[in-house]
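A short write-up of the structure that comes next.
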Amino acid sequence: MEWNGLKMIISTMEPQVSNGPTSNTSNGPSSNNRNCPSPMQTGAATDDSKTNLIVNYLPQNMTQEEFRSLFGSIGEIESCKLVRDKITGQSLGYGFVNYIDPKDAEKAINTLNGLRLQTKTIKVSYARPSSASIRDANLYVSGLPKTMTQKELEQLFSQYGRIITSRILVDQVTGVSRGVGFIRFDKRIEAEEAIKGLNGQKPSGATEPITVKFANNPSQKSSQALLSQLYQSPNRRYPGPLHHQAQRFRLDNLLNMAYGVKRLMSGPVPPSACPPRFSPITIDGMTSLVGMNIPGHTGTGWCIFVYNLSPDSDESVLWQLFGPFGAVNNVKVIRDFNTNKCKGFGFVTMTNYDEAAMAIASLNGYRLGDRVLQVSFKTNKAHKS
């Protein structure tokens, strides 16, 4: 798929670091990589920027096609771009969308801002042109207590100005903090004040003074190379399980806000709504499922059949229904060839079995508008499209 360039000139903006699974929180373009352009900063829309959006905290494995599909479901897009590291090709966790109609841009913010995708909660907002006052406002912080949370990190730095994004790096296997974080302020002068106030200080719980400096310091090139190797490692993995209760709370809020969805059943979900639990990768840690005839299992993940969609349903409905539960590879609404209306069903492919099963257990029986959804793993029975 060819992608149109954005009207926004991003080549003149300051470089950032890629956002990968080494973070314990969703990343924005708040880090320090010299191989990519910096995003435009978020802020109030002007007359010239009411169609231009910046999207932060995207999942590391989200593709450009999925990015376009998600935002294209809202309205006609003039251009969009998922920003990648120029050397490694890895997604940096943010992108830009430029709509033709300002109303669609506003709708995208109202509908998709705060949407949970995999382990991240995306942030959708208007973009504003970069300027000297907001360039180079990224800070690198080391020596943090291993017990410090992202919220505590923000509380520590928030006294110096408005924080755009923050993150703490964690060990990919254990999920334990590496004691290193990043803070992006709204303005460079705020970052300068934070350096003056906190560099060499000992925050609560710290045994050693912390180091606070600008993230784009050339001396960090070796760290950038190490991060790039980590991102490209085939053995990397996301730490820890997803917190499904938090996701479920987010789903209820999102569906009620966007579609007026109400849970049809007040009691527990019937056992038939959720297939027996087993590992999608191995059985007893030894036997691969490749080649086994298991409902819903495909070469790219777990395919879910969604039935009783309304004729006006599109891909955005499926994205918003299933995104809160985990990694969604792709979605597809089956349409009538003549009318281009939804034929009443669609498919969602999710990477992880547990996440797919949780989505089925939660969404089977949901009332979407005046229809009750039937959600299950796809069987081998062919569905005519």
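The backbone N, Cα and C atoms fix where each Cβ goes, and this holds for glycine too.
For the residues S38, S310, the entry in Swiss-Prot flags phosphoserine at a single position: S38.
S233 is the residue among S233, S279 that Swiss-Prot describes as phosphoserine.
Each residue in the domain 'RRM 3' (302-380) gets a DSSP state, and the totals come to 22 helix, 32 strand, 25 coil.
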